[in-house]
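Asks: Below is a structure I'd like to ask you about.
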Ligand SMILES: Nc1nc2c(c(=O)[nH]1)N[C@H]1C(S)=C(S)[C@@H](COP(=O)(O)O)O[C@H]1N2
Ligand SMILES: [Mo]
């Protein structure tokens, strides 16, 4: 739709091509209300002076409304481990088990592997880059998680339906926002730690991801072009009985000695294989499963494998990596420490101190980077923002070329609850307008257009009705489906006729942002003609409520929720957003270092 004939709305200001002054007059009363953000992050005034608030020990939902404190797993796990050791010790000396272990000694050394032993230096380098990048990925990943500290299986995110939370129950306040719900982390655990720092955490996470992917791609290529793959890919089904032998021997404290230079034992082999060929790809796929642009485009996969399932899988994959690292490091340290370090850090098979020396240098680099990451982020948030954007921007652009089409969701998909977010309007001006049913509301559209206009709600209602049932993706991690009714942005474009120089469309809100100053956001003009870009005045067949953006809000389903300006006051067509507000493309871009495109 969008090209349907429509009645011409009145133009109360009489502005238009004959009256070019109107555009600049409107402009002049908007720009002064904007407030640029800071180039240094001050934790004291951060995010509208949001006070620090930590999470709680993880609670796992059991049944409808019982919550299990995950800390109990520590004593329970300890008892289970002791029991397992006792059982394994009992089994170990049974004749049948002895015979089994003799037949499957725990390590399978194929002739090919035996002919090509060794761990080349490139494996050592890759191993180092991997652990270096993983440190940022973990810290920022946990930070992203705690910005909406709940995990669900369904896309609805209904309070009480989460399967895991590290935050109290959702309070009964009907306007409780996701920002209020976020929790912070110690500054040396999370990256950057402070509450609601998801914008910066995402640059660390996604930026490091891109480098980690490059490292992984090089690893795969070298692995298969050199034959080194045989060291971490099982080539015989014998790996399973062998792994059982290894497990029994570890648990019965009769640890096998393996020569990792030639071949890993079967249990190691399996865990390495799963980590490299299952967990890593799953991390990437489940990560991409949270992207609004990709999910909207590939609804055949994002419907069954919805964002919250992807988010939960992403979290579980992280737990896999964590337990892997914990056990891996434990064994490296407790079994032939020097020899292991020589293998991985010096590409030599002896127990000299060379590997230890290189390892120590590597460790210093890691520790310095770890300690510096948060202070660096506070001092140079714009660098983090710019470098992060440079790393993931190209991928983002790629995804945005996939034009989103409506029709993926129907009434039966509508979520019973849609979270609220953002800073609500509290001006007397807004209250007055709201009390009179927005009779005096005027949407002003100006800037680089042939026909600037002012539209009342009735004007908007008299335009062709556009409806879409779509999923909302908040950058903090929650989601939900709603039906939106209003005017397609294409209809608006046809009405005001943007000039060729107009490349960005800025939406100003009636509300302020959390640090004061008008909330606004800029959108690439080509996305305004997408099928799923619209101004909504209805939600789920009722007029938009106060909390969700009355009287008018934007929808652009290729982008994250923060770009969907609520309580829209006016729309300005500009050549570039660099001279609007702080110049970064929107309120959150200026104040919280988000990206002006954020479709992943
Ligand atoms: N004016 C304004 N619009 C805003 C915000 C805001 O703070 N101010 N928050 C954004 C964010 S972060 C999200 S996720 C969505 C939330 O929309 P909802 O509250 O209707 O679910 O609104 C967006 N629009
Ligand atoms: Mo959001």
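Including glycine, each Cβ sits where the backbone N, Cα and C put it.
Here the structure is a predicted model, which means the values were calculated and not measured.
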Asks: According to TrEMBL, transmembrane segment applies to one of these ranges: 67-88, 89-110, 155-176, 177-198. Which one is it?
Replies: 67-88
Asks: Suppose you had to name the range TrEMBL annotates as transmembrane segment; which of 227-247, 248-268, 353-373, 374-394 would you pick?
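Replies: Matching range for transmembrane segment: 353-373.
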Asks: Of the residue ranges 35-60, 269-294, 399-424, which one carries the transmembrane segment annotation in TrEMBL?
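Replies: Per TrEMBL, the stretch marked transmembrane segment is 269-294.
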Asks: What stretch of 269-294, 315-333, 353-373 shows the most Cβ pairs under 8 Å to the transmembrane segment (127-146)?
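Replies: Most Cβ pairs under 8 Å with the transmembrane segment (127-146) come from 353-373.
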Asks: For the domain 'Cytochrome b561 bacterial/Ni-hydrogenase' (122-345), what's the mean pLDDT in this predicted model?
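Replies: It averages 96.
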Asks: Can you tell me how the residues of the domain 'Oxidoreductase molybdopterin-binding' (439-576) break down into helix, strand and coil by DSSP?
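Replies: Helix (H, G, I), strand (E, B), coil: 21 helix, 64 strand, 53 coil.
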